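The structure appears below as structure tokens.
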Amino acid sequence: MSTASVPLPAWINYGVIPLLNLILAFFFSGLVVWAIGENPFEALNFLIQGALGRGDAIGFTLFYATSFIFTGLSVAVAFHAGLFNIGSEGQAYVGGLGAALVALSLDHYVPWYVTMPFAIAGAALFGAAWAFIPAWLQAKRGSHIVITTIMFNFIGAALMVYLLVNVFIVPGKMAPETRTFLPGGQLPKLDWLMALFGLKLGPAPFNVSFIIALVMCYLVWLLIWRTKLGYEMRTLGISPTAAVYAGIPYVRTVIIAMLISGGLAGMMSLNAVMGASARLQVEFVAGAGFVGIAVSLMGRSHPVGIILAAILFGILYQGGADLSFEMPNITRDMIVVIQGLVIFFAGALEYMLRPAMVRLYQTARGK
Amino acid sequence: MSLQSSANEPAIELVGIDKKFGAVHANKNINLSVGKGSIHGIIGENGAGKSTLMSILYGFYHADEGEIRIQGKPVTIRDSQAAIAAGIGMVHQHFMLVENFTVLENVMLGAEGGQLLAKGVAGARKELKRLEKDYGLEVDPDAVIEELPVGNQQRVEILKALYRGAEILILDEPTGVLTPAEADHLFRILQVLRDQGKTIILITHKLREIMAITDTVSVMRRGEMVATRKTAETTVAELAELMVGRRVLLRVEKGDANPGPVLLSVKNLTVKDGRGVTMVDDVSFDVRAGEIVGIAGVAGNGQSELLEALAGIRKPVSGEILIDGKPVESADPALLRQLALAHIPEDRHHMGLVLKFEEYENSILGYHHDPRYGRGAMLDLDAVRKSAEEQIEKYDIRPPNPRLKTANFSGGNQQKIVVAREIERDPKMLLIGQPTRGVDIGAIEFIHRRIIEMRDAGKAVLLVSVELDEIRSLSDRILVMFAGKVVGEKSADADEQTLGLMMAGIAA
């Protein structure tokens with residue numbers, strides 16, 4: 001009761017509160033850094049410099065952010081329909097198979113911009129296919145989507161290792177990966193975009209998938225808030241009984257929402273497989289699917305929020321890697337702790353400061 | 001203003017209670033004194049500040065100013081725990097029950113009596129049996145809440161307060177879901193409690209209840225306590241006028257029905273609920289164009305399931321539903337809407353509305369595929385908002401803001417949103433469940449008039465309500481349901497006793 005139902009203006013809800021949460025997260029991270037005997041301000045400086053200080057640093061940050069935008073959108077779309085898709089990781093992984101198959105078949109014959117639309121479709125199709133079985137089980141049999149998508153992450157991982165080790169491996173090589181795609185199967189880097197800002201991309205794999213991700217953000221916004229399907233998904237997500245009353249078909253809506261969610265997760269592979277490594281490798285998703293859950297939570301399942309949260313996590317990934325290089329005391333695991341604190345304060349404790357803000361706001365508007 | 005409500009010393013006193021929510025002045029300098037061992041009614045329209053006042057008393061809100069005294073001693077009620085400790089028990093309008101717990105578990109919740117449950121469970125079971133026997137509130141202690149009909153869930157709420165040995169019992173719209181028989185039953189319990197020296201505060205819109213049960217009554221309007229009267233010295237008309245601030249029409253004016261051809265026909269319909277229990281048992285009836293058929297019955301006798309089956313929400317086990325003489329192929333609300341059947345559901349909070357949506361989004365719920373709200377896959381938000389604004393104006397929905405979250409409208413205005421949406425489609429048939437539950441008196445008048453207008457425009461209207469007054473004043477024919485069967489049909493002028501006996505399954 002009490003303060004929970006009091007409406008706050010958007011600039012507090014989406015501006016002040018997330019910012020305060022972030023400051024809290026950094027404050028406690030600073031305490032952790034201080035506790036192990038390093039200077040937290042220096043550490044913060046390394047983190048920021050490492051993520052945003054140079055052209056290539058920004059390139060890496062945005063490269064990670066691109067993956068997180070795709071998986072964040074994937075989680076958000078399912079979430080709007082009341083489905084908690086934990087399977088973006090596996091859907092992205094299998095999506096990579098779709099992207100790789102297109103790249104391997106076309107790279108000899110056509111330039112990248114011809115390959116790209118087919119690769120988008122392939123990645124989305126394979127990602128969606130991997131989401132279909134859990135979706136069908138949820139819709140028809142009531143098997144909980146959280147459980148089935150987690151299981152499908154493992155099944156997907158096993159399937160991909162099998163395919164890479166036994167089918168796609170280049171004869172005579174030890175690494176379980178496909179051959180390197182020719183330029184016709186790669187997505188070019190966005191060095192021209194960086195050059196506009198006077199920055200040099202260097203070795204960073206920031207590529208065209210970023211633009212695809214932004215387009216997807218717009219399309220997801222359109223889907224959720226401007227289409228009848230999005231309206232049905234939101235109705236189902238908020239109130240299943242109202243959805244029944246309104247004649248919204250449960251089975252169809254659940255399956256379509258999950259197919260879209262899986263497709264978006266699958267597109268994450270465009271960035272990693274065709275944009276960065278130019279081949280399909282084992283475990284290329286590297287946890288981006290799970291980060292997508294945090295990104296979607298932090299971004300309140302809204303594309304704009306997701307872009308911001310994805311960039312934040314990109315900063316933490318890239319800056320964190322640099323930080324652990326500069327300060328060997330702060331290991332990779334410490335970076336995970338800091339990321340955990342961000343998720344904790346910005347996600348799990350999202351509403352902790354709300355009652356105080358409501359009181360402040362009421363006093364300020366006041367009597 | 002603070003007329004002593006009984007000769008006894010006051011059990012509870014409110015002195016100068018004041019509460020603001022931002023710009024909204026919910027309670028203005030409220031003074032109230034309720035005598036020990038009396039039943040005190042508080043009436044007022046939705047938004048008059050009754051619920052805020054009671055929330056302050058129960059520790060949900062804190063008053064900006066003022067003092068609460070219990071048995072003469074000033075107390076600070078920080079939270080509901082403190083309220084319970086001070087001997088205040090609350091029965092909420094919207095149930096505060098854990099839906100997947102049993103009755104027993106819900107009653108015990110927060111009063112388990114130790115770390116291990118076994119002893120507490122045994123004690124609670126015994127206590128529950130005693131309460132059940134003393135007050136006749138029969139509920140199976142091992143039934144799961146979500147599987148109980150709404151009427152029985154209410155009984156659990158009352159049992160919960162009684163179980164905690166409340167000395168002062170606050171009931172917020174307690175009879176909203178009860179039938180006259182059940183309400184009478186509740187009133188008898190309240191009288192027994194009063195005679196045992198307990199104090200009861202009854203919040204309601206219903207003047208009839210105030211007159212029937214209370215000793216004293218206070219009227220609230222726009223955050224102020226405008227009057228306190230001894231019930232014996234006032235009249236329904238005076239209270240209604242105090243409440244609304246103008247004279248109101250208490251009876252619905254309507255002419256004779258002009259029944260046309262049968263539009264909606266039910267043949268040997270049998271419906272089971274989630275547990276597999278037969279709730280509608282071989283029911284048959286017709287509804288003609290231009291008539292209102294009312295279904296009376298005690299809550300939980302199959303009316304809800306019947307309505308859901310007709311609306312396509314619940315699949316019947318056997319039997320037929322015919323529209324215009326043609327059998328309805330499948331249980332599909334979307335298909336039925338296409339056949340011009342509109343449905344104002346019993347539960348607007350969970351079914352008729354998505355409370356988190358903005359008002360305009362709810363104004364198309366179920367009709368979102370209509371081409372006027374956008375071609376193809378897209379929604380034309382401008383068109384949706386425009387039609388929402390038209391509905392807001394025509395149905396006087398307040399505040400007139402289609403961008404406001406639906407949860408922030410009052411109960412009466414929420415119901416108007418549903419009524420506007422369903423009636424504005426100009427359906428041929430209209431299913432209506434509990435049209436005025438939790439709706440204030442001004443809105444009741446408005447909604448009743450719309451229903452009569454629909455009838456006069458030649459629509460077939462099926463009305464389900466547990467308010468016998470409502471059934472009697474609106475219906476042209478009354479069907480009485482008991483234990484899943486239609487036990488009889490009466491004309492609109494049947495007297496209340498006859499109907500009451502039929503609803504109790506005693507006479508046919």
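Positions of Cβ are set from backbone N, Cα and C atoms, glycine also.
Sequence annotations record features per position, and here TrEMBL assigns transmembrane segment to A:12-37, A:57-78, A:112-133, A:145-169, A:204-224, A:236-260, A:280-297, A:304-321, A:333-353.
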The transmembrane segment (A:333-353) vs the transmembrane segment (A:112-133): 3 or more CB pairs under 8 Å: no
Contact set, same chain, for the transmembrane segment (A:145-169): CB under 8 Å, 6 or more residues outside the stretch: 78, 83-87, 89-91, 93-94, 96-97, 100, 130-131, 133-135, 137-138, 175-178, 258, 280-283, 289
Chain residues outside the transmembrane segment (A:280-297) and at least six past its termini with a C-beta under 8 angstroms from it: 64, 67-76, 79, 86-93, 96-97, 99-100, 153, 157, 160-161, 164, 168, 175-178, 265, 268-269, 272-273, 306, 309-310, 313, 339, 342-343, 346-347, 350
Tertiary contacts of the transmembrane segment (A:304-321), as residues 6+ beyond its ends and Cβ separation under 8 Å: 14, 22, 46-52, 57, 60-66, 68-69, 72-73, 76, 214, 217, 221, 291, 294-296, 298, 332, 335, 338-339, 342, 346
Outside the transmembrane segment (A:112-133), six or more residues from its ends: residues with CB under 8 Å to it: 74, 85, 87, 90-92, 94-99, 101-103, 106, 148-149, 152, 156, 183-188, 208, 212, 255, 258-270, 274
